[in-house]
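Undergrad: According to TrEMBL, the record shows the following:
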{"type": "TRANSMEM", "residues": "108-128", "note": "transmembrane segment"}
{"type": "TRANSMEM", "residues": "134-154", "note": "transmembrane segment"}
{"type": "TRANSMEM", "residues": "220-239", "note": "transmembrane segment"}
{"type": "TRANSMEM", "residues": "245-266", "note": "transmembrane segment"}
{"type": "TRANSMEM", "residues": "362-384", "note": "transmembrane segment"}
{"type": "TRANSMEM", "residues": "404-424", "note": "transmembrane segment"}
{"type": "TRANSMEM", "residues": "444-465", "note": "transmembrane segment"}
{"type": "TRANSMEM", "residues": "485-512", "note": "transmembrane segment"}
{"type": "TRANSMEM", "residues": "524-542", "note": "transmembrane segment"}
{"type": "TRANSMEM", "residues": "569-589", "note": "transmembrane segment"}
Amino acid sequence: MQQHNSSINNSSSSTCHLSYSSHMEKNAIDAKRGEVDHEMKLVHDSSLDYKGRVPLRDSTGSWKASFFIIAIEFSERLSYFGIATSLVLYLTKIIHQDLKTAVRNVNYWTGVTTLMPLFGGFLADAFLGRYTTVIASCIVYLLGLILLSLSWFLPGLKPCDDRNTCAEPRRIHEVVFFLAIYLISVGTGGHKPSLESFGADQFDDDHVVERRQKMSFFNWWNCGLCSGIILGVTLIVYVQDHVNWGAADVILTLVMAFSLIIFLLGRKSYRYRAPMGSPLTPMLQVLVAAISKRKLPYPSNPNELYELSKSNNNNNNGRFLGHTKKLKFLDKAAIIENGGNIAEKQSPWKLASVTKVEEMKLIINMIPIWVFTLPFGICAAQTSTFFIKQGVIMDRTVAKGFQIPPASMFTLAAIGMIISVAFYDKILVPLLRRLTGNERGINILQRIGFGMVFSIVTMVIAAVVENKRLHYVEMNPLKGSLTMSAFWLAPQFLIIGIGDGFTLVGLQEYFYDQVPDSMRSLGIALYLSVIGAANFLSSWLITMVDHVTGKTGKSWIGKDLNTSRLDKFYGLLAVITTLNLFLFVFFACRYSYKNVQKVVVADCGEEKSDNGDGVGTMV
């Protein structure tokens, strides 16, 4: 009996022990699940919240933050295009410059404005951070707008006392006017690359939903941008034409100030990235190390090349780049000397990791793509110069005698861009995803190349329309092309806008996505530099065409449009762009996309895989 009771007690004790153990295991599993759930709510992509902590996914970033960012981009594009599309008219009507000088000055200003982001993007990535750079550049931008307003209203800075009979403006007005618009250039230089990359930073590349949202971000970013353009070239241009230029400048100043306040209100919802120092230094280190070890034999196995251990790769948050076979000379920077016992203690000027070498390769591989997108930028440069000037001397009358301001014709380009972006994002991409299995639908360079076809079509149509306009001038020299409707220009504006929706948006995504992670602002600046360099090339091309054709007969670029042969100039651009497209396709077909390998479980193995979309996984 006692033995039986002892047996029962032992059995009961064992059952309690098992129950207790199961309870402990369940608590441990629940605690582990709670930790995993908590980790899933955090964003581990090296971003921080406004207090410097790891950000919560639900309360920061994504579309909730992007709307604040798109709002200030809307106002900046409103200001920029309100000025840019009418600048050639201001220079010819108020400053009294001839057509060639005015077009050249517009191209110079546009060129500087779109090249300044290279400096602004470098400062944002290396030292200031993107958020701080946006605020500082907005202040400079505002100063330029305020000075532009004062140059019209202050008695001592006005163009002249009586604007209706002013044959030549005051010198002080010219100085202040150009100072103001170049202050706007400086402001744009920090604003554009920092704001767009800051907007894209709000999406986590390693989260499936947010990664797809980022692909749409660049499309909807440009829809907001185009909305600002449309308002700028309609409302602002109307005020310039029917009230005065100064009133338009005051409106732009107030809108920019208000949007800056909106941007600051979103501070708590943003995800921030700390500046990581000069992104150019590691590239120089790779080049120096490769040159110093140029005589060393290349290892038989690429796995022998040096790579940082996962625990020491905090700067990239575990993001490694897979080795590629191109530009093998640079791989010598990653060859380990002296047996590799002290590899991680060697100077970065003597030994570079495979990831740093691959980042250098990325930048070098981008050079041909950058070069062969310039002709598209040259075609786009004509929309704010010659296209607008054509509209001035054509019949712009609509219902009840109302005349459309010539700069408002640019609205059609913005509408074309919105149509193509919406069609691409909502119809074409989902369809192509099902057909190709590619998350993007088509790759980025295919999108860019497709848009280039539209630039060729634009120049052909522009040449035909201009030839017809000159025929009107020849038939009726007194009225010239005033008997020809300005809506003949609609197709060329609309088609170049559709091309922008493919090429320009594709370039934004390409240069943000394909540069090293530490160069995201500079990547957007590289995209903008395409437009800037193209404007300088457009000015150079105009000068060369004028010089060459002037020597052999009548110049294609005369003092005004009626004495010019823009139809032949547009034809030349069509030929150049067509030849360029073949070269672009040649290099695009041989381009190697960025191959990111994300560490999922640190130090559990070295096996690499490629899932086919340029993102590998190290497990």
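Every residue, even glycine, has its Cβ placed from backbone N, Cα and C.
On a predicted model such as this, the values are computed, not experimentally measured, just so you know.
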Undergrad: Tally Cβ pairs under 8 Å between the transmembrane segment (362-384) and each listed stretch (220-239, 444-465, 485-512, 524-542), then give the stretch with the top tally.
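TA: Stretch with maximum Cβ contacts: 524-542.
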Undergrad: Could you tell me what the rest of the chain brings near the transmembrane segment (569-589), counting residues at least six beyond its ends with Cβ under 8 Å?
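TA: Answer is 368-369, 372-376, 378-379, 382, 386, 445-446, 448-449, 452-453, 455-456, 459-460, 462-463, 466, 542, 545, 556-557.
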Undergrad: Please give the sequence-distant neighbours of the transmembrane segment (524-542): residues at least 6 beyond its ends with Cβ less than 8 Å from one of its Cβ atoms.
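TA: For the transmembrane segment (524-542), the list is 100, 103-104, 107-108, 110-122, 192-193, 196-197, 366, 370, 373-378, 380-382, 385, 504, 507-508, 510-512, 515, 557, 569.
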Undergrad: Six or more residues beyond either end and a Cβ under 8 Å away: which residues meet both conditions relative to the transmembrane segment (404-424)?
TA: 81, 85-86, 89, 219-220, 222-223, 226-227, 229-230, 233-234, 237-238, 240-241, 383-384, 387-389, 391-392, 396, 398, 447, 486, 489-490, 493-502, 504-505
Undergrad: Cβ under 8 Å to the transmembrane segment (485-512), counting only same-chain residues 6 or more beyond its ends: which ones?
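TA: Contacts with the transmembrane segment (485-512): 196-197, 200, 215, 218-219, 221-222, 366, 369, 373, 376, 379-380, 383, 387, 390-391, 394-396, 404, 406, 409-410, 412-421, 424, 444-445, 447-448, 450-455, 457-458, 461-462, 465, 468-469, 520, 523-524, 526-527, 530.
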